[in-house]
Amino acid sequence: MQFSKMHGLGNDFVVVDAVTQNIYFPTEVIKRLADRNRGIGFDQLLVVEPPYDPDLDFHYRIFNADGSEVSQCGNGARCFARFVVLKGLTNKKEIAVSTAKGKMMLCVKDDDMVCVNMGEPIWEPNKIPFNANKFEKNYIIRTDIQTLLCGVVSMGNPHCVTQVEDIQHANIEILGPLLESHERFPERVNAGFMQIINRNHIKLRVYERGAGETQACGSGACAAVAVGIMQGVLGSCVQVDLPGGRLMIEWQGKGHPLYMTGEATHIYDGVIRL
């Protein structure tokens, strides 16, 4: 199998062309490839497939290191876009893709930056999915060690965002797993911890479902900004500083798509026997 190793702000991926290669990924194979000591090592595996819809360019699949398939990864989307251009799978700079839960537009810029139209944030609890009677800007979520005030949203995958005073001392190692597997999230959740610097600048750490804390989470950055805007504490254009680097997020509010812009870096190409 031919593959590329890429990263988006330190969130690392193996990207595979399943357009020209006939490849199937059982859970056991994904886990073996994800092993950083015995395999390649990655946070997520990204698979480029032929489009299911003739009006689209590709189908985008994402697998976590534990073998579970998810429907969205913002950092991965940027790497996906750069990959298909680098490998000559398309000569377009604006690329339309489908995912397990919808469609995305990816725009590859000349400076190696990629802008992703992430679509509209989803707030209805049953669509996230999240166990709640109605939408609220803040939900009280009780864990074994702490009661938290959280915003909950889907960016194609579920996110729970809570504000913290100091991102460096947030109890993410304990709270992250408790939120990820909380009973109110039937499909588990990505847990974001946000420190607000000002209305246009936040710091963020994300504990991703199936992967643990990562260097950066693009959909998590989008979710944090969307929650902050809905709660009235952030402006429409926000710089998000993650452990792995910086993203710019823009959202004009309900009825509008949310845009994420950031780097996508190609590290190396390789071949491995499955």
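Backbone N, Cα and C atoms are what each Cβ position is placed from, and that goes for glycine too.
For the substrate site, Swiss-Prot gives Gln44, Asn64, Gly74, Asn75, Asn157, Asn190, Glu208, Arg209, Gly218, Ser219; the one candidate out of Asn11, Asn126 that the record lists there too is Asn11. Each of the active-site residues Cys73, Cys217 was scored by other CB atoms within 10 A of its CB, and the lowest score goes to Cys73. Most other Cβ atoms within 10 A: among the binding-site residues Asn11, Asn64, Asn75, Asn190, Ser219, that distinction falls to Asn75. Of all the recorded positions listed here (Asn11, Asn64, Arg209, Ser219, Tyr268), Ser219 has the Cα closest to the Cα of Cys73 (active site, proton donor).
Tyr268 (site 'Important for dimerization') counts 8 other C-beta atoms within 10 Å of its own C-beta, drawing on all protein chains shown.
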